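Note sheet for the following structure.
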Amino acid sequence: MAKFVPAIFLDRDGTINVDHGYVHEIDAFEFIDGVIDAMRELKKMGYALVVVTNQSGIARGKFTEAQFETLTEWMDWSLADRDVDLDGIYYCPHHPQGSIEEFRQVCDCRKPHPGMLISARDFLHIDMAASYMVGDKLEDMQAAAAANVGTKVLVRTGKPVTAEAENAADWVLNSLADLPSAIKKQQK
C-alpha cells in the first residue's frame, strides 16, 4: 500500500512570483522575497510541493502553451538549483471565454474547481487532510475546500485580499515566506 504524504499546494502568480499580469517570459518572472527559502524549509519538514496554477492567458491568446512550458521549465530548474525540488506542476490553460478555440471550455481543472488538486492527490498519494493550499485569491481557497485540503492559507503578496477570500481561508499570512514558522508554531 502506498504511503500518503502531506503536501503544500502552491498557486503561482502572486504566491511564488510577483504577479505582473500574464507572466510568461523569464525576464518578467520575479520570485517573491523569501519564498525559495520557505519552499526549501517546507521540503525539509516533509511536505511535497505541488504548483497548481490557472493560466487563462493561454486560452486568451496572451501567450502560447509552449511559452508557458518554457517558463515553467526555467522556474523548475531555478528552484532545483537552489535545492527546491517540486513534486508536481499542474496548470489549467482553459477559460470559458477564451479566444483560442482549443482552450475555450468550462473544465474541472480551473480553480475554483478542484481538478488539479485531485489529480495531484491521486498521482502523488497526498494526504489531503494534512496538507495546505497557499494562494492569493478566493478561487484558491474554494478549490482547496472542494478538494478537502486541511488548511487553506491566503497570502497578501498577490491580488488585494478581499473579505470574502479572508473568510474562506483558515490562515491569512503576509507571504508564503511565513508558512514554515506558522506551521511549526501550530504543531507545538
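Positions of Cβ are set from backbone N, Cα and C atoms, glycine also.
Here's what Swiss-Prot has on this protein:
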- D11, R12, D13, D19, H20, G21, Y22, T53, N54, Q55, S56, R110, K111, K137: substrate binding site (BINDING)
- D11: active site, nucleophile (ACT_SITE)
- D11, D13, D136, K137: Mg(2+) binding site (BINDING)
- D13: active site, proton donor (ACT_SITE)
- T53: site 'Stabilizes the phosphoryl group' (SITE)
- R110: site 'Contributes to substrate recognition' (SITE)
- K111: site 'Stabilizes the phosphoryl group' (SITE)
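Features recorded in Swiss-Prot, as mapped to the structure shown.
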residue : record                                      : CB count, 10 Å
D11     : substrate binding site                      : 25
D13     : substrate binding site                      : 23
Y22     : substrate binding site                      : 15
T53     : site 'Stabilizes the phosphoryl group'      : 20
N54     : substrate binding site                      : 26
S56     : substrate binding site                      : 17
R110    : site 'Contributes to substrate recognition' : 22
K111    : substrate binding site                      : 25
D136    : Mg(2+) binding site                         : 24
K137    : Mg(2+) binding site                         : 26
- Note on the structure: Expressed in Å to no decimal places, the gap between the Cα atoms of S56 (substrate binding site) and D136 (Mg(2+) binding site) is 16
- Note on the structure: Counting only residues outside D11, D13, D136, K137 in the same chain, those with C-beta within 8 angstroms of the Mg(2+) site's C-beta centroid are R12, G14, T15, D19, G135, E139, D140, V155, G158, K159
- Note on the structure: Among the recorded positions listed as T53, R110, D136, K137, within 10 angstroms of D11 (substrate binding site) by C-alpha we get T53, D136, K137
- Task: Please name which of the recorded positions listed here, Y22, R110, K111, is nearest in space to D136 (Mg(2+) binding site), Cα against Cα.
- Result: K111
- Of the binding-site residues H20, Y22, K111, K137, within 10 Å of T53 (site 'Stabilizes the phosphoryl group') (CA to CA), in sequence order, we find K111
- Cα-Cα separation of H20 (substrate binding site) and K137 (Mg(2+) binding site), in Å? 15
